[in-house]
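J.: The structure's right below; bear with me while I get my questions together.
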């Protein structure tokens with residue numbers, strides 16, 4: 001696992017964007033696994049800047065998102081489809097038909113999950129998977145205690161995750177209780193994984209991910225078993241590392 005410690009969130013975002021940009025330049029038809037949440041927003045802004053300045057071309061890129069809330073349409077302003085459109089896709093030349101997010105309104109969730117995994121397989125897998133870290137160690141919506149081998153599946157969100165996401169909704173009661181998420185098994189199949197984390201609130205999980213015991217109680221520790229992981233964190237998130 002490669003570790004890069006940056007001064008602050010802004011620098012972390014720039015370093016992460018540069019890492020992804022280099023992979024896109026090397027392979028214009030790259031399949032990117034993308035993440036949502038507060039952490040990647042700065043990185044996405046930097047990718048948009050690079051695109052606007054003619055440094056990047058997304059026209060042949062395919063993207064696969066990790067997860068989506070169950071019960072929210074893609075037009076809902078808290079859905080992850082809406083997040084991706086607003087924070088990245090609407091501002092670059094990616095073909096929207098090549099951007100995939102689980103369907104939170106799928107009538108048959110099990111079929112949606114199986115179809116999502118089949119789509120990833122048909123594309124030849126994910127070349128570069130971007131991950132944020134939940135404070136409880138979740139990646140995607142793979143919450144503590146779940147089995148590693150699971151493919152894309154329906155999951156119940158932990159209370160800590162619901163509370164962490166409540167800031168994006170009018171009330172905690174509006175936060176969906178279920179989500180569709182790529183499984184840890186699917187994430188681990190990515191050829192390369194890039195993890196980004198910022199702030200003191202992520203310091204414990206960053207330490208566990210780097211050197212803690214591998215356990216499903218902290219899903220991020222599973223990444224120790226992947227052959228090509230780069231962890232990009234700011235000084236606050238790295239403060240417990242020796």
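Glycine too: its Cβ is placed from the backbone N, Cα and C atoms.
As annotated in Swiss-Prot:
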- 67: active site, proton acceptor (ACT_SITE)
- 136: active site, for ring-opening step (ACT_SITE)
- 138: active site, proton acceptor (ACT_SITE)
- 143: active site, for ring-opening step (ACT_SITE)
J.: Roughly how many Å lie between the Cα atoms of residue 67 (active site, proton acceptor) and residue 136 (active site, for ring-opening step), rounded to a whole value?
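T.: Here the two Cα atoms are 17 Å apart.
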J.: Taking the Cα atoms as reference points, how far is residue 136 (active site, for ring-opening step) from residue 143 (active site, for ring-opening step) in Å?
T.: 8
J.: Using a Cβ-Cβ cut-off under 8 angstroms and a sequence gap of six or more, which residues of the chain neighbour residue 138 (active site, proton acceptor)?
T.: 144, 158, 161, 219, 220
J.: Can you tell me how many other Cβ atoms are located within 10 Å of the Cβ belonging to residue 67 (active site, proton acceptor)?
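T.: Summing over all protein chains shown, residue 67 (active site, proton acceptor) has 22 other Cβ atoms within 10 Å.
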J.: Return the residues near residue 143 (active site, for ring-opening step), defined as same-chain residues 6+ apart in sequence whose C-beta is under 8 angstroms from its C-beta, sorted by sequence, else 'none'.
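T.: For residue 143 (active site, for ring-opening step), the qualifying residues are 136, 155, 156, 157, 158, 161, 219.
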J.: What is the Cβ neighbour count of residue 136 (active site, for ring-opening step) at a 10 Å cut-off, with all protein chains included?
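T.: Taking every protein chain into account, the count is 18.
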